[in-house]
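Engineer: Structure incoming, see below.
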Amino acid sequence: MEPRAADGCFLGDVGFWVERTPVHEAAQRGESLQLQQLIESGACVNQVTVDSITPLHAASLQGQARCVQLLLAAGAQVDARNIDGSTPLCDACASGSIECVKLLLSYGAKVNPPLYTASPLHEACMSGSSECVRLLIDVGANLEAHDCHFGTPLHVACAREHLDCVKVLLNAGANVNAAKLHETALHHAAKVKNVDLIEMLIEFGGNIYARDNRGKKPSDYTWSSSAPAKCFEYYEKTPLTLSQLCRVNLRKATGVRGLEKIAKLNIPPRLIDYLSYN
């Protein structure tokens, strides 16, 4: 039997499976006037395609903020799941649209939906939007959310070499030595051969001796005499200073939102800058 739209689909209801509707098309393309006309004529804003994509998913993935606003105002389900489990907030983060992310959050989108795959924070790290990453953390995103494919958001940001996102995560208290199959963010940094990333992770307490499920240290993924290899060699011969180790341990003690706590300490501004990695 051919999938068909539900008879009498009301705004706020999820319809039967259909192919992409005019509402999907208008939402994806950012045709806000056409979308508004469709909504006013009674078109269902929660109709799902065979892969469970709603018009709100389509608009969010393309960063069409005006269309997202129209759909939400018309009763679109803010936490609808597609076939992969992703919500519109995941898609908005994947697009890197801070405006869409703000709209969805204002309508109550869950920042930590129960997922085994990429969370909104993972998607923001994947897209490289440090602004989205910062906003999600501010509203309570789980820094250690685990994706069965990628690991933590920090793993994703390092694998994609998004240094701004990495620093936001680390400053917010992300576990620098979190592991997926014993593989840490430092292993990813070594694999992508990014010296700046390697140095940042080590400065935040990354364990250069951690071994993955193949028994390899991060340095084992570098070429002899290459810049990354020399970087690891330097830190093996020159461990972090006492002041650096104190900073790492104090940051661990402050935990999530550590920067906010450090800024309120009754200590000289120079020390606050040092503890904040400025």
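Just so it is clear, glycine is given a Cβ too, placed from its N, Cα and C backbone atoms.
Quick paste of what Swiss-Prot says about this protein:
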- 18-47: repeat 'ANK 1' (REPEAT)
- 51-80: repeat 'ANK 2' (REPEAT)
- 84-113: repeat 'ANK 3' (REPEAT)
- 116-145: repeat 'ANK 4' (REPEAT)
- 149-178: repeat 'ANK 5' (REPEAT)
- 181-210: repeat 'ANK 6' (REPEAT)
- 229-278: domain 'SOCS box' (DOMAIN)
Engineer: Any residues 6+ beyond the ends of the repeat 'ANK 6' (181-210) with a Cβ under 8 Å from its own?
Structural biologist: 151-152, 154-155, 157-159, 161, 163, 166-167, 170, 216-222, 226-228, 231-232, 235-236, 240, 244, 248, 251-252, 277
Engineer: Within the repeat 'ANK 4' (116-145), count helix residues (DSSP H, G, I), strand residues (E, B) and coil residues, in that order.
Structural biologist: 17 helix, 0 strand, 13 coil
